[in-house]
Amino acid sequence: MKLSRSWLATAATVSGVCALEASYDYIIVGGGTAGSALATRLSLGLPQAKILLVEAGPSALDELRINVPGLRGSILGSGYDWNFTTVPQGSLGGRVIDVNRGKVLGGSSAMNYLCYDRASAPEYDAWRELGSPGWGWKTMIAAMTKSENFTGPEDGDRHGRRGPIRNYYNRVLYPIIRAWQPTVAALGINVNDGGSLSGAPVGVMFQPTNINVDKRTRSYAANSYLPLAGSNLEVLTNTQVTKVNLAKRGKKPSCATGVTLPNGTVIRASKEVILSAGSVQSPGLLELSGIGQSRVLQAAGITPHIDLPGVGENYQDHIRVSNTYRLKDGVESFDNLIFDNAGANATGEMQKWLTGERSLYEYTTAAYGFMNWGQLGVAGAMKAAAASVVQSTNVVDAKKLQYLNNAQVPSVEILYEANYVGAAGYTGGRFLTLISTVMQPFARGSVHINPSNPQGKPVIDPRFASNEYDIKGLVEAAKFSRRIAHTEPMRSAWEAETEPGEAVQTDAQWRTFATGALGSFYHPVGTCAMLPLKDGGVVDADLKVYGVANLRVVDNSIIPIIPSAHIQTAAYGIAEVAAEKIIAAHAGSSKSENACNCK
Ligand SMILES: Cc1cc2nc3c(=O)[nH]c(=O)nc-3n(C[C@H](O)[C@H](O)[C@H](O)COP(=O)(O)OP(=O)(O)OC[C@H]3O[C@@H](n4cnc5c(N)ncnc54)[C@H](O)[C@@H]3O)c2cc1C
Ligand SMILES: *[C@@H]1O[C@H](CO)[C@@H](O)[C@H](O)[C@H]1NC(C)=O
Ligand SMILES: *[C@@H]1O[C@H](CO)[C@@H](O)[C@H](O)[C@H]1NC(C)=O
Ligand SMILES: *[C@@H]1O[C@H](CO)[C@@H](O)[C@H](O)[C@H]1NC(C)=O
Ligand SMILES: *[C@@H]1O[C@H](CO)[C@@H](O)[C@H](O)[C@H]1NC(C)=O
């Protein structure tokens with residue numbers, strides 16, 4: 001690939017004269033996780049095609065806050081973060097929740113916490129069962145392992161070993177982290193080491209992390225996929241696409257002719273435009289282009305072209321809450337490397353990282369538990385809560401209800417960290433944290449452009465904890481986290497629970513704590529859902545936007561129903577599947593079939 005500098009030499013100076021405009025076969029909007037992977041695969045698979053990848057943020061390949069695994073989290077709220085927030089959440093007393101997203105080449109894969117895992121097989125099969133032929137576990141596991149290069153001995157699990165994204169099991173583990181499996185197993189949970197990536201994640205285990213074992217750097221879309229691309233891929237950074245341009249073709253579906261940049265420059269696409277701007281911004285780009293709910297478009301003063309009610313709806317995200325425990329004297333933690341990073345120990349460890357020695361800055365999340373409600377002893381109560389909130393006319397809700405009868409599908413995740421990750425704020429000391437997450441909350445919210453500033457920050461309303469199942473689930477998961485903390489050998493490591501604190505005992509107190517401490521787990525999906533049109537779908541099984549011949553969405557916004565996992569593997573998998581589809585379509589098409597004639 002080449003970072004574009006001189007492309008404008010061929011770009012439009014006289015509007016309406018197509019021959020003078022910069023032109024590509026494919027334009028991909030958003031050089032994030034899926035967009036960078038897709039651009040690379042198209043470049044390799046279609047060596048004759050000219051491909052442009054446009055990213056709003058900069059390239060930051062030398063940025064230590066991205067590259068050093070242990071500095072994960074440090075670019076949240078920085079210039080590499082879009083800094084979105086939700087609207088005030090009614091069920092959280094009007095609190096506003098941060099919605100962090102990467103604004104940098106590599107997108108949120110540059111910002112994420114390097115948890116590398118997969119959901120259960122039935123959850124990928126659900127995509128097909130909800131109406132998208134060809135999708136499912138078989139398709140996605142092939143695609144996800146195609147993107148992966150795992151380093152480590154055969155452990156019986158499913159790992160790719162030839163793909164771009166490097167991963168391995170953490171080699172830096174604090175002694176307290178080793179207490180994880182024996183502690184959780186003492187509560188009757190199965191140990192699932194070496195089996196959790198094969199579509200059956202229920203249990204307690206260590207999981208891999210996406211680090212390049214040779215360089216000890218984060219392995220992400222910008223430094224692991226893009227360098228593989230050919231010179232037929234141009235990458236334009238620091239450029240936020242304002243809209244997709246559409247043209248009519250008689251009575252046939254509309255078609256995309258290219259994109260417009262903030263300064264009015266038009267770039268043409270002779271084959272396809274692909275949106276990979278992520279779950280928060282891909283729906284907004286459709287709206288800015290005249291595709292979406294007419295009410296939303298009209299309020300923003302945008303001429304509606306295609307009425308597509310599903311755009312920006314069906315927003316789903318994981319909700320989480322943390323229990324934190326102050327460690328006893330002498331128990332080591334990672335806290336000083338985060339909160340005292342100018343101290344002697346941290347600077348010494350950073351020096352080791354920089355000179356290639358084994359460093360504590362390689363530490364990332366290692367210890368996971370994925371459980372169903374039965375394992376927590378609350379299956380009946382949670383099913384009853386679900387039955388009370390499910391909307392029988394909604395196919396996504398109905399599928400989530402089915403999951404509750406399938407023991408292979410986790411309902412809860414608990415993450416175990418050797419440092420403080422609480423909501424109250426760090427006030428010194430060493431901690432362990434248990435992060436409790438509801439895997440399939442029933443809240444379905446929305447994201448739409450802001451009518452008073454359509455190009456600005458979108459209006460995000462996830463409706464967090466707006467129903468009984470979601471809030472009860474969070475409370476039950478956090479109560480179970482307390483049981484874990486009180487079980488040996490973990491119990492011997494800490495001296496006090498600081499969040500929520502032992503004063504919290506009744507369900508009413510737990511609810512107050514949970515609504516006050518709830519955060520997003522950064523996994524929004526579903527806002528350009530791959531579903532039938534009648535069920536609120538935005539794209540079909542080929543990821544094509546309904547009503548437009550040559551406009552696709554390829555990112556996590558197409559996931560119709562939130563999976564029980566961290567979802568970067570899904571983003572890479574979706575990009576791999578999409579690349580195969582686009583390459584196959586290219587081979588089967590004549591030039592006139594796909595191209596829109598200049599208007
Ligand atoms: C803080 C955080 C922690 C996370 N931790 C984990 C984890 O540990 N493990 C895990 O599996 N998942 C994790 N995730 C989730 C995972 O990283 C994301 O779901 C995934 O990266 C999303 O990929 P995407 O391609 O859908 O979107 P993104 O990677 O966000 O890509 C969208 C890209 O589009 C660009 N863009 C947007 N609008 C425009 C425009 N108009 N013009 C040009 N460019 C535009 C953006 O700048 C961005 O680069 C985390 C996410 C966050 C934010
Ligand atoms: C996000 O907020 C921080 C802190 O206010 C700011 O420095 C940064 O520039 C913001 N990011 C963007 C992309 O504007
Ligand atoms: C996969 O990772 C190993 C290091 O473990 C490396 O030697 C190898 O070159 C990588 N393969 C590819 C295809 O990148
Ligand atoms: C328009 O924006 C592009 C992309 O950011 C930039 O390269 C170009 O110089 C701008 N063109 C004009 C005419 O300002
Ligand atoms: C930092 O502290 C840890 C103990 O918590 C120790 O193992 C490590 O060697 C120290 N590193 C440096 C560079 O002092």
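Using N, Cα and C of the backbone, Cβ positions are placed for all residues, glycine too.
TrEMBL has this to say about the protein:
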| type | residues | note |
| --- | --- | --- |
| DOMAIN | 102-125 | domain 'Glucose-methanol-choline oxidoreductase N-terminal' |
| BINDING | V104, V241 | FAD binding site |
| DOMAIN | 278-292 | domain 'Glucose-methanol-choline oxidoreductase N-terminal' |
| ACT_SITE | H523 | active site, proton donor |
| ACT_SITE | H566 | active site, proton acceptor |
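Within the set of recorded positions V104, V241, H566, the entry lying nearest in space to H523 (active site, proton donor) is H566 (CA atoms). The two recorded residues, V241 (FAD binding site) and H566 (active site, proton acceptor), have Cα atoms 28 Å apart. Residue pair the residue listed as 'active site, proton acceptor' / V104 (FAD binding site) shows a Cα separation of 20 Å. Applying DSSP to the domain 'Glucose-methanol-choline oxidoreductase N-terminal' (278-292) sorts its residues as follows: 11 helix, 2 strand, 2 coil. Predicted-model confidence for the domain 'Glucose-methanol-choline oxidoreductase N-terminal' (102-125) is 98, expressed as mean pLDDT. The domain 'Glucose-methanol-choline oxidoreductase N-terminal' (102-125): residue composition by secondary structure is 8 helix, 2 strand, 14 coil, according to DSSP. The binding-site residues examined here are V104, V241; by Cβ neighbour count within 10 Å, the least packed of them is V241.
Secondary structure from DSSP puts V241 (FAD binding site) in coil.
Around H523 (active site, proton donor), taking its Cβ as the centre, 24 other Cβ atoms fall within 10 Å, counting all chains.
Around H566 (active site, proton acceptor), taking its Cβ as the centre, 25 other Cβ atoms fall within 10 Å, counting all chains.
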